[in-house]
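Chemist: What TrEMBL records for this protein is below:
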type	residues	note
TRANSMEM	B:23-40	transmembrane segment
TRANSMEM	B:56-77	transmembrane segment
TRANSMEM	B:108-130	transmembrane segment
TRANSMEM	B:136-157	transmembrane segment
TRANSMEM	B:164-182	transmembrane segment
TRANSMEM	B:188-208	transmembrane segment
TRANSMEM	B:215-234	transmembrane segment
TRANSMEM	B:275-297	transmembrane segment
TRANSMEM	B:330-353	transmembrane segment
TRANSMEM	B:365-393	transmembrane segment
TRANSMEM	B:414-430	transmembrane segment
């Protein structure tokens, strides 16, 4: 097997004196969909933010595409084509849908803007209808689509999705997971997603990691994890709430 | 809502009864509030004793105004607003159609401004035009330009700057000092003043990179004060509170505006009048203000302008999209400061005198108020707000007839701040996002479509 696209080794991240990640090892290979599941406060989002360099890992290293990115500032990490749809979507509410997508394409100075916008609009036709509407006036699902679309505009090598299903209706979640699958299959896009919706995420993914208290406690293929009794008990069968 | 459907007679009388009740309440509250403030006045008599003057008549007027006002509000104003609101809710949101006027009106405004001095001169004569061109034209345009400059920092990049006047001061003193010590001309020093102000913008920018909102506002406020205190205390260079006087005037392609043989008046065979210089200054500040607007409009469509606006919306998202927030913020500070510097050097050339008095915090506050009142980010709204605020101040000076009502000791200018405050509260209640609250989008695929402000809730988004 070739070297992984993203390789996290022994990462420890702190918020002040509080240790949020406690020696995390994980990897994402090219063309994979990898899911990270876990309960609230397990450190899933922290790991995602650590990959993006804010906050930076105090111990351990993050390698992307053979390059050490542990100490790079966030915007330089983004320039290596790691695009992120952050937690809470973080679209630009007063800017229109099109302007939001423009911001996503700022790395390439809009060179292939039109072409990429069309791609995003084929993936999410709803955004096309709403293109001149303000981001803040979109529904939650549309905002999530916009957030993913904006990330795609950067032509990423790795797409990071932080809780894409958060606060959305089941039907919309299905649509968004469907879109992720399509991106992965047709474009070979590598996706790393953090989810509380363990069932949907594991079903979608090639591989998965389970995180508890800042540590990765289990890993395996999506199917294996889905079948694993511990995972089932903790995250699938009433374990959540 | 009860008063919407108040068409029947019984509902009408009910409304009147309620209005009377509320009027009595309002009267009681007013009485309670003002009985000590207005009803009684402590005074000194001729033997230096404290005496109480009773002013029950005045108190009665206050109470009556409150009662009548409340009555009218309940009976007429509230039902009207309720009706309008209901009508608005019933009608669907329509995207306004562009008429010729709405599309072309910036150009029309510019043409009108270009024609303003000749029209004024033809109406009131050369000498009479002085007041109108100087007090109303130049004064307002300076503030339009300052507010447009600040708009880059506050309106576009969302960095609340309470010390903008510092850059105005840097520009003014750059011109005043460099021209009086080195004898350089205005046209050389205008860009120099802009560059120096931009430099100070970056100097301010560095320490505040990590700050946002309130904290940023406090530091910028302090920065404005520091600059002013330096100007006061660095007496060897700035002459302290005495200020720098006798600043050289600007020239038009080397033609001086003075009484000399090759001066402007002599050259064109015109009677000697300072009005020509003022008209020249009017066009100069108009050009500078238009430059500010042009640069702002262009920048908004360029990556850096988009990055500013995105930065205002969400800094973390910006970084995750590969935008370097450090340089983005610094360029916003520098660009805004540069226009402040231009305006400052114009101020110095117009006054012929600068002193730290002109660069107090109140100036920053007025400029910021213009930006907020106009609607952050909207050039048109800001221009309107500047006309209202600064033009309003100037008009107050003109209201001499008020002296006939309130006595010769009455000076309307002293009530300026009171009226400002009242106006701001009114506008913010009536239009929480300023005169022009909608934002003009910069990205289009096929056609332009205005995004109406009615799509978003007031005060949100």
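Just so you know, glycine gets a Cβ as well, placed from its N, Cα and C.
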Chemist: Would you kindly list the residues that approach the transmembrane segment (B:275-297) from elsewhere in its chain, counting only those six or more residues past its ends and only Cβ-Cβ distances under 8 Å?
Modeler: 110, 113-114, 116-117, 121, 126-127, 129-130, 133-134, 137-138, 141-142, 144-145, 148-149, 151-152, 156, 249-250, 252, 257, 264-265, 305, 335, 339, 342-343, 346, 349-350, 379
Chemist: Same chain, outside the transmembrane segment (B:215-234) by at least 6, Cβ under 8 Å from its Cβ: which residues?
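Modeler: Result: 159-166, 169-170, 173, 200, 204, 207-208, 240-241, 356, 359-361, 364.
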Chemist: Same chain only, please: residues at least 6 beyond the ends of the transmembrane segment (B:56-77) with a C-beta under 8 Å from a C-beta of the stretch. Say none if there are none.
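Modeler: Cβ under 8 Å, 6 or more out: 15-16, 18-20, 22-27, 29-31, 34-35, 38-39.
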Chemist: Should anything in the same chain at least six residues away from the transmembrane segment (B:23-40) have a Cβ under 8 Å from its Cβ atoms, list it; otherwise answer none.
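Modeler: Residues 52-56, 58-59, 62-64, 66-71, 74.
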Chemist: State the residues, same chain only, that lie 6 or more residues beyond the ends of the transmembrane segment (B:108-130) and have a CB under 8 A from a CB inside it; answer 'none' if no residue qualifies.
Modeler: 101, 137, 271, 273-276, 278-279, 282-283, 286, 290, 383
Chemist: For the transmembrane segment (B:365-393), what are the same-chain contacts with Cβ under 8 Å, counting residues 6+ beyond its ends?
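Modeler: That would be 106, 109, 136, 139-140, 143-144, 146-148, 150-151, 154-156, 161-162, 164-165, 293, 296-297, 309, 413, 416, 419-420, 423-424, 427, 431, 433-440.
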